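Pulled from TrEMBL:
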- C:1-19: compositional bias 'Acidic residues' (COMPBIAS)
- C:1-21: region 'Disordered' (REGION)
- C:76-144: domain 'GINS subunit' (DOMAIN)
- C:166-224: domain 'DNA replication complex GINS protein SLD5 C-terminal' (DOMAIN)
């Protein structure tokens, strides 16, 4: 999957905005939004929040986890534990990039947050590679991957799945009796 | 987004071959050491080292994999195929000791592919060959993964040069995952670029005009 | 309609094949589910043309309403963005199906041929036409560039053998939507034993597609 498609999915997450305009309820196919009143916070999907922000029609309120203290705690926990700790949000990487790129003036300590999220990401991806290697070398048939986010899976997906496929075929060599059709006639 | 409009057929990897895979076609041209077990009348021209009309029984020569597979029969001994050196016991010991030291490109480049194909020919060593292929793959996996995941925008030729063809394909798929992510992180996806098809088309038009 | 955009479109979904009446929001969720499953499953899944048709209907309906709105309407721009997003998902879904049809065409057609009378069809009528045409074109092409120059006994290619089948033993990533008990995990090596796992709701797993393929079509798990 293209990372942009993962970002597309992340854009469905809701975020609180404070609009500076008023508008009645909007009946979208995917559900109702609004009403919008100046100064009153309202939940909208990220794709709309970013659009409104770019047109200077709202202020975005950062999600609760997007906070230096909370992220520091998560980073420390992530480094301490061998397993994956619950991610700040299933789309933490995408939301950080989107919100910091388009609304950094609404997010206190944006630079620190960027660094912290990157630290958490790097720690998790290093763990992911470790587990991929042990999955292959132990020839496991099943792994539980709770807490992994889609973007994390996506960075390793095609490599890991292709490798597992190759390994499967090399392993079927060990049972030559099961091989289908010795010499195929096309 | 996967904008590739041409999806090449992947190699079969194991004992199977994919008829329409370019990799497998190249693999089928690898030469194998064989021994003729019954005289081949009027096929002397195949053996360039002699000028007899027939190939006598007992001749040792090299034939490509596709031809060896075609002529080989379990019941009637037409020819016997020897294991290429890299699959024999001496090398198997090396692989079992440390698969990472071997330059599989030089020894292959179809180490896994050809090794799997060798299992079509009866040999008491087959189980060990199959086992070594699998263990070598697993033993080298970590390195293939790390090099493919850590080299962004770098010259990767040094990392790739010792990889077998199959590992190289995996390296590329790891790289595309990494490059995709890092390109996204830098926001390259939001910049529109002309498709390579369009660019090539323009070039072609220019040359058409010049002619 | 006095206010075109106040119509929430809940009049849709009178399709009899639909067991329950879905809200438009549920319909979009269904499309997203089908999109991701199709993207990640190694084989072509059953077509979901009922979802595709309903989504198309929703889009046409919404677009017709938007025609009647004057330029610069704040709501209209929000609606257009939503339409674009849904359209993207829809095209991506259909495209990934076409890609698989191109990759596995002889097997896809074979499955369609051997399908029982009442069984649901793998392909939509349009996809079926596409697959047949793709088959014919490939054959004609192979004949023109190579086969007709071969000795007469070598002038045919068995497409079913020449084109690789989807590998159902591929691994997939999945998230569990409905709890499942006793899923059998087959051993990978001779010294391992088979064992069973319970798939808890919300948990995520990496395992062979073959093991959980029925759960994908029933909607109990979602490929990710």
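The backbone N, Cα and C atoms fix where each Cβ goes, and this holds for glycine too.
This prediction places the mean pLDDT of the domain 'GINS subunit' (C:76-144) at 93. The domain 'GINS subunit' (C:76-144): residue composition by secondary structure is 58 helix, 0 strand, 11 coil, according to DSSP. DSSP states for the domain 'DNA replication complex GINS protein SLD5 C-terminal' (C:166-224), grouped as helix (H, G, I), strand (E, B) and coil, give 10 helix, 25 strand, 24 coil.
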